[in-house]
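Going by TrEMBL, these are the annotated features:
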TRANSMEM  20-41  transmembrane segment
DOMAIN    35-285  domain 'G-protein coupled receptors family 1 profile'
TRANSMEM  53-76  transmembrane segment
TRANSMEM  96-117  transmembrane segment
TRANSMEM  138-162  transmembrane segment
TRANSMEM  194-221  transmembrane segment
TRANSMEM  233-255  transmembrane segment
TRANSMEM  267-287  transmembrane segment
């Protein structure tokens, strides 16, 4: 019976490249933490940003920080270490947290799409439909839903028997990599069940986001002036860009055919979703959202002026 797993990760890469990869991913990880913390601090300090949209953005930043904390530090340590084993319990914990925060991120993107739909298609009822209590309830449901999904997938995978190889061809305890190591008659049905659960949840979120934007685009096209259409659509640009990046990279990774001869490229592709996507998200929201960008500038100017005085 398997009591620990060995994470292959970047161990197949040439040794002279590992310090460069370590530095690159460390800087991206630190920038992800810093960028999301700046967004959260700005929203908290600026009373003009105490609106549902920015409440959801704070929750999204929190989920991104927790997701990267669950995955990236372990990957960075293993890059420069010769001891890449992880205990059974630690592996299950990492899978639970990565799935929990990953699904929470998708659910929050769906809720943010609904928020933009209500703001544009039902502006007069916005304060009623998106009250503070409703927003808090929606955020709570996203976290609860992410926790349920994470627990469900983790229990399904670790209910299996691992009696063969303990070498995981990934840099963290990824469900589909672990399923390949399980043995028993029920392995194929469990693998199909995990795939169906994940795909149904993620595609359901994507479908509702797309549906929201169908109604949003229809409402924007009814606005008579070009300036009004542009101003209204600009409130959705940052969210829409993050959705495209999030689902775009996920599709490239999971729909791309895996080849045993291109393990290094598969590892690099996986980092686009676990490291690069969280790195891009605060940049997109900071640069594409004028209100948030101005608030961050104002906050920094206030800090510098107080320091200089």
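Our numbering is plain: 1 for the first residue shown, then up by one each step along the chain.
Note: Cβ is positioned from N, Cα and C throughout, glycine not excepted.
With Cβ pairs under 8 Å as the measure, the transmembrane segment (267-287) is packed most heavily against 20-41, out of 20-41, 138-162, 233-255. In this chain, the transmembrane segment (233-255) lies apart from the transmembrane segment (138-162): fewer than three C-beta pairs between them fall below 8 angstroms, excluding pairs fewer than 6 positions apart. Residues 103, 106-107, 109-110, 113-114, 116-117, 120-121, 149, 152-153, 156-157, 175-176, 179, 229, 232-233, 236, 240, 243, 247, 250 of the same chain, all 6+ positions outside the transmembrane segment (194-221), place their C-beta atoms under 8 angstroms from a C-beta of that stretch. Mean pLDDT for the domain 'G-protein coupled receptors family 1 profile' (35-285) in the predicted structure: 87.
Distant neighbours of the transmembrane segment (96-117): 52-53, 56-57, 59-60, 63-64, 66-67, 70-71, 130, 138-139, 141-143, 145-147, 149-151, 153-154, 172-175, 201-202, 205, 208-209, 212-213, 215-216, 235-236, 239, 242-243, 246; these residues of the same chain sit at least 6 beyond its ends, with a Cβ under 8 Å from one of its Cβ atoms.
Residues 7, 9-10, 22, 25-26, 29, 32-33, 36-37, 39-40, 43-44, 86, 94, 97-98, 101-102, 104-105, 108-109, 111-112, 115-116, 119, 135-136, 138-139, 142-143, 146, 171-172, 235, 271, 274-275, 278, 281-282, 285, 292 of the same chain, all 6+ positions outside the transmembrane segment (53-76), place their C-beta atoms under 8 angstroms from a C-beta of that stretch.
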